[in-house]
Amino acid sequence: MDILEVKALNKVYSGKVATQALTDIHLTIREGEFVGIMGPSGSGKTTLLNMVSTIDRPSSGEVRIGGQNPYNMRKRELALFRRQQLGFVFQDFNLLDTLTVAENIVLPLTLDRRPLKEMDGLLKQTASKLGIEGILNKRIYEISGGQRQRTAIARAIIGSPLLLLADEPTGALDSQSSRAVMESMAEINEKDGTTLMLVTHDPVAASYCNRIVFIKDGKLAAEIHRGENRQAFFQKIIDMLSFWGGNTSELSSIRV
Amino acid sequence: MNFPQFAFNNVRRNARAYVAYLLSSSFMVMIFFTYAVFVYHPKIANSEMGNMTRVGMSIATAIVYVFAFFFVMYSISVFLKSRNREFGILTILGAESRQINLLIFLENILIGAVAIVTGIAAGLILSKVFLLVSTKVIDLDDLPFYWPAKAILLTAGAFILLFLFISLFTLMFIRKRQVLDLLTGSSKPKKEPKANVFTFLLGIALLATGYWALHGKKLDELGLLIAAVTGIAGTYFFYSQLSVWIVKKLQRRRSAAWKGTNLLWISEMSYKLKDNARMLFLVTVVVALACMSTGFVLASQQAIRDSYMSNPFNFRYTTYSDGDQKKAEKDLAYIEKSLGAEGMEYRVAKVDLIPDNSYAAGKEKTVLISQSQFNHLASVMTIDPVEQLGQTESVLVQTPERERKYPPQGNNMDVRIADSTYAFRFVSRTEKVASLSYTGKLLVIQDEEFERLKREHQAWGDYIQNTTVYMAPDSGKFPGKEDPETKLGLELAEWNRSGDHGGFLQSRAENYYSFKQTFSLFSFIGVFIALIFSVSSASFLYFKLHTELSGDAVMYRSLSKIGLSSREMNVSATIQIAVLFFIPIAVATLQSLVVLGPVMEMMNSMSPVYVPVITASAAFLAVQTVYFLVVRARYIKAVDKTMV
């Protein structure tokens, strides 16, 4: 089953000088896939993610998530749709300082007025999946960046979304935390079969995906699939980046 | 570009950021100044007002100033916080802390100067408008506009001091911050306040002291002052402790907290607890003052009206048995002639009254009347007569006001004539006619017994009161200035005051009218204070929400990405704003009830205070609701715009 279908998507930012951010994008993500979107800065990765995550409207073309077109929904329906069908992980976590870790995680469920017992059960289950049971009663400013991102992932998956969207989830983390976060995401993908779409320019993070789509100047440029070996996949990503990116200095942050 | 130029340009080019701070400061100057214009108005300053009113007005002045202080303090701390990054960058670029201090100092002085000038200018216009409108609305002779030199000096002086102090204070505030703290700005949450048993007890003790000062003994000026200070301080602790306690309780009850948007607003509130407690406190004090002054005005007007309504006699002429009877007869003839000349229909009745000696025994006076005279009066007034009485039987007639306050106990009462005590069994009735006795307590006894007591009373050397009452058909309205009753009353009162007369004339219309006249000035001041405070409380809240808006908008935006709908944001924000707007009204109503009771009692008013207080707070509720709707709509619209 196709979870995400993007057809002939165009995005133009109007202004004094109109900018064509995305041109004729076609992209399909099947259930259980873990797809990475890569490309140099300004290539349109985040624009594409914004279209998929229903935050921004396309200029033309169609986006279907689980067979539904979110842009035909009314505002309130859309909010519900985001809450129940999509999960979000952001580079800067977007957690509420005012809440504890546990409260942050269950927030989407409380908005849906789920029974307390069910929330407690789901919370326990999700927290143990991400290894954050020990910090549930801590406040956000008391925990590390990696723990914050795993809290954000827990919040994103607690409602069992159709599609989990991640925007540079490792962008603000050190390599150790990055690895822990990416391993959690890969595990969610493998064990629970959650469909993921990841936008990143970190090749290490990208190497956890099944498939990577490259974008350059708002157009689809290439696509590579992962084989058995992650190390080999990583090398392939580096090669693709240096080919499509055309500028090796962008790869200076490689970490293995 | 030298340093003062840099400071000046910084303000000039970054005007948008400074405008909120400047406006709020200037607004406070305007409020304070307008108030000062009235306090120092020659007509008000020279008017005959009681010490109590004077103390009340000084308390209000002090509160306006303290209020201004907190308001400016709050706005500057918010303002500086929003500029932490800027100071961080300056520090990194190598600015000495001395230079940054100088920058802030210069800016503050600049803004302070502008605020004082614009505030006074706006205040001049505002007070002029207010004088114009108020003299039209209130039945006041007129309060002319004057050149308020004293008020200008006071305002300028007070606020120069305030800005200087605040500038120095903020320097201390900034100095101890690390560069990193400055650069990362306000992302770090504030320390959570904790409920503390000691502070809690202190708050209770303060409130109790305030209550005791008001209700413990007879209220005087010192008592009022003590009550004001302890009441205000107590209110602060009340909020800072109670709000912590309530929010913690709410957070702990997960079944309630983890439901819908509750989680959102409860946690937001706990996060802003300290700020909110301060805000609630300030708004409460201000609204309570507004409520009290309106309540005071209403209660006093009610008292004046009540005393008119409870008096069934249009005119009353009183002589004493030791007075000059000839003169008295001449006076009565003159009064009747005047009444006839004015074309008034009237009925007349004469009664003899014995005011007993109870006060010598430390009790309240009872006034005795004979059965036949009472029944005559009753037939003139068309009320029920009294049945034939036995020697020790009587009927106790009380006015409705007295009846409310002292419902008769038992069925025996003692009357003291000369130096002996007589016991009467009584049945009680409630009639306005009892206002013949100024205590509102009239005892009807058997004719023979009355004559006997009268002789005994006079033999002891006490006097009998001869009262003649005139009653015109009741129009059911309060007398206006042009009514014949008022005109005649004013005329006869003047006649009675001048020259040598055998007795004392009272006219209820004249009484009512002259009370109302004296009082209108104070109504005016009361309403004015209420208006000023109501406006400032609203602007205070608006400013708070305005400064928090950008932070809140970021939060709601990120929440909307994960699926918070506009309606849920609306609910969460509305609850938080409503708490700030409406809890102070409830507390202020309670405080007004507690405070106004003894104050009115001290003014010898018999009328209950809860009606005027409830009326006043209902009016504030209405006004506050309008503010609330406006502020809420603006806030939600602004946040909604940022949501995706």
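Using the three backbone atoms N, Cα and C, a Cβ is placed for every residue, glycine included.
Since we're looking at a predicted model, the values are computed, not measured.
Taken from TrEMBL as is:
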| type | residues | note |
| --- | --- | --- |
| TRANSMEM | B:18-38 | transmembrane segment |
| TRANSMEM | B:58-80 | transmembrane segment |
| DOMAIN | B:59-178 | domain 'ABC3 transporter permease C-terminal' |
| TRANSMEM | B:100-131 | transmembrane segment |
| TRANSMEM | B:151-174 | transmembrane segment |
| TRANSMEM | B:195-214 | transmembrane segment |
| TRANSMEM | B:226-247 | transmembrane segment |
| TRANSMEM | B:279-299 | transmembrane segment |
| TRANSMEM | B:521-543 | transmembrane segment |
| TRANSMEM | B:577-597 | transmembrane segment |
| TRANSMEM | B:609-631 | transmembrane segment |
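The DSSP breakdown of the domain 'ABC3 transporter permease C-terminal' (B:59-178), given as helix, strand and coil counts, is 101 helix, 0 strand, 19 coil. For the transmembrane segment (B:279-299), the partner stretch with the most Cβ pairs below 8 Å, chosen from B:18-38, B:151-174, B:226-247, B:521-543, B:609-631, is B:521-543. The stretch from B:226-247, B:521-543, B:577-597, B:609-631 that makes the most Cβ contacts under 8 Å with the transmembrane segment (B:18-38) is B:521-543. Regional average pLDDT for the domain 'ABC3 transporter permease C-terminal' (B:59-178) in the model is 79. By the count of Cβ pairs under 8 Å, the stretch nearest in packing to the transmembrane segment (B:609-631) among B:226-247, B:521-543, B:577-597 is B:577-597.
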